[in-house]
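Colleague: Okay, here's the structure, questions in a sec.
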Amino acid sequence: MKTYNIVIASDHSGYELKSEIINYLEQKSLKIYDCGTNNTQTVDYPDYAKKVVDIIIEKSAPIGILISDTGIGMSIAANRSSEIRAALCNNILTAENAKAHNDANILILGAKTIDQKIVFDIIDKFLTTQFEGGRHSTRLSKIK
């Protein structure tokens, strides 16, 4: 089974941002698996959320990124699995807390709602923040 650093997908409204993110992450020498979509033709976001979720569950990648117009539908779809902790983040603080307190394994971004000037900062914070454990582990065990 091939492994990657990050698995990524988007629906049609997140395609352009996804392409920019892939370029950014590849410049950091990260191995990225792109699950699509590969253009701006209308698709159903749950199909792409499931692809990322399945890859994380089978341990082919530890982290996922999902992008849609607001990220809300992607969040709902991804969080259907008890092994997934997907967090819709729109600033650096939410990205940091998603990892530090909630051990999030999928970052969700809203292409139409996020400040494009800080999107890479949000991604960097999500990728570099470590889970704090402790009381946060106790809390997470209550929702598994």
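Heads up, the Cβ atoms here are built off N, Cα and C, so glycines get one too.
These came from Swiss-Prot, pasted as-is:
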ACT_SITE  His101  active site, proton donor
BINDING   His12, Arg135  substrate binding site
Colleague: Could you tell me the C-alpha distance between His12 (substrate binding site) and the residue listed as 'active site, proton donor' in angstrom, no decimals?
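Modeller: A Cα-Cα distance of 31 Å.
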Colleague: Which one is it: of the recorded positions His12, His101, Arg135, which Cβ has the fewest other Cβ atoms within 10 Å in this structure?
Modeller: Arg135
Colleague: Sorry to bug you, but what's the C-alpha spacing from His101 (active site, proton donor) to Arg135 (substrate binding site), rounded to the closest Å?
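Modeller: Their Cα atoms are separated by 9 Å.
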Colleague: Check His101 (active site, proton donor) against DSSP and tell me helix, strand or coil, would you?
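Modeller: Note: His101 (active site, proton donor) is coil by DSSP, not helix or strand.
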